[in-house]
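**Q** Mind looking over this structure? Questions follow.
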Amino acid sequence: MPIPTPYEDLLRLVLDRGTAKSDRTGTGTRSLFGQQLRYDLSAGFPLITTKKVHLKSVVYELLWFLRGDSNVDWLHRHGVTIWDEWASDTGDLGPIYGVQWRSWPTPSGEHIDQISAALDLLRTDPDSRRIIVSAWNVGEIPRMALPPCHAFFQFYVADGRLSCQLYQRSADLFLGVPFNIASYALLTHMMAAQAGLSVGEFVWTGGDCHIYDNHVEQVRLQLSREPRPYPELILAHRDSIFDYTYDDVVVHNYDPHPAIKAPVAV
């Protein structure tokens, strides 16, 4: 059976048909608008194999989000530096993802834990069309070190299977998107386990889907490689989604091609 390659197919499409555009970083991109990728999570964990993805950073970043944290100190204690380019001298990033997920401020001065609210709906009203978590808090964007790229996600239950769709307004296809796919696939597994469900699909929807001009050669190298089978995720049991640790996440049979380095556009 052929290995599904929706991510690599999108890279090819943007290389072939992308529009040349300027961008905030001054780097320049090739870009397409409104693209979608689908992964059946029951068929394997979608960790890209045409280059090695740094799984440690994926896992620790997700755990950091789930903590409601927005300072890189906790990441540093675990050897993860992926947010350093945007952090202040004290390590602060403002009210980014984790803060919005766990502590969205209301006009009355209270805070909403969106992750807990989503889990409650999955358990009590799985057919709800309102099982949504948003990081795009317009009133707080000026205080964020970087406005959310992966901004909004929705859960959907059918036949006892949990699916998740993410909307990513800005998609750095070479560096960011493989990371985002793995992160939200892992989150879907965690939410499914906590709600007593099996996993369904992860659906990634991208707005501005771009390849930076200084990533083109790296993308061509990646596309020259033969995809390999996706690995298997083994997730330990925890009583709460907020109790997971790095050691609870085990990926078996991940056999990627070597990593490919590229500069981050800041």
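Using N, Cα and C of the backbone, Cβ positions are placed for all residues, glycine too.
Values in this document were obtained by computation on a predicted structure and should not be read as measured data.
Pulled these features from Swiss-Prot for this protein:
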type	residues	note
BINDING	Arg24, Arg129, Arg130, Arg169, Ser170, Ala171, Asp172, Asn180, His210, Ile211, Tyr212	dUMP binding site
BINDING	His54, Asp172, Ala265	(6R)-5,10-methylene-5,6,7,8-tetrahydrofolate binding site
ACT_SITE	Cys149	active site, nucleophile
**Q** Is it possible to get the count of other C-beta atoms within 10 angstroms of the C-beta of Ala265 ((6R)-5,10-methylene-5,6,7,8-tetrahydrofolate binding site)?
**A** 20
**Q** Can you tell which of Arg130, His210 has the most other C-beta atoms within 10 Å, given these are the binding-site residues?
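**A** Answer by Cβ density within 10 Å: His210.
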**Q** Could you check the binding-site residues Arg24, His54 and say which one's CB has the most other CB atoms within 10 Å?
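**A** Per the Cβ count, the most surrounded site is His54.
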**Q** Rank aside, I only need the closest one: which of the recorded positions His54, Cys149, Ala265 has its C-alpha nearest to that of Arg130 (dUMP binding site)?
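**A** Result: the closest of the recorded positions to Arg130 (dUMP binding site) is Cys149.
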**Q** Between Ser170 (dUMP binding site) and Ala265 ((6R)-5,10-methylene-5,6,7,8-tetrahydrofolate binding site), how many Å separate their Cα atoms?
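**A** Here the two Cα atoms lie 12 Å apart.
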**Q** DSSP secondary structure for Arg130 (dUMP binding site), reduced to helix/strand/coil, please.
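**A** Its secondary structure by DSSP: coil.
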**Q** When you put Arg24 (dUMP binding site) at the centre and draw a 10 Å sphere around its Cα, which of the recorded positions His54, Cys149, Ala265 have their Cα inside it?
**A** Ala265
**Q** Which of these recorded positions is closest to His54 ((6R)-5,10-methylene-5,6,7,8-tetrahydrofolate binding site) if you go by CA atoms: Cys149, Asp172, His210, Tyr212?
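**A** Minimum Cα distance from His54 ((6R)-5,10-methylene-5,6,7,8-tetrahydrofolate binding site) across Cys149, Asp172, His210, Tyr212 lands on Asp172.
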**Q** Looking at the binding-site residues Asp172, His210, Tyr212, Ala265, which ones sit with their CA no more than 10 Å from the CA of Cys149 (active site, nucleophile)?
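**A** Of everything listed, what lies within 10 Å of Cys149 (active site, nucleophile) (Cα to Cα) is Asp172.
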**Q** Restricting to the record's dUMP-binding residues (Arg24, Arg129, Arg130, Arg169, Ser170, Ala171, Asp172, Asn180, His210, Ile211, Tyr212), give me the longest CA-CA distance in Å as a whole number.
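**A** Greatest Cα-Cα span of the listed binding residues: 36 Å.
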**Q** Calculate the distance in Å between the alpha carbons (Cα) of Tyr212 (dUMP binding site) and Ala265 ((6R)-5,10-methylene-5,6,7,8-tetrahydrofolate binding site), and round it to a whole number.
**A** 8
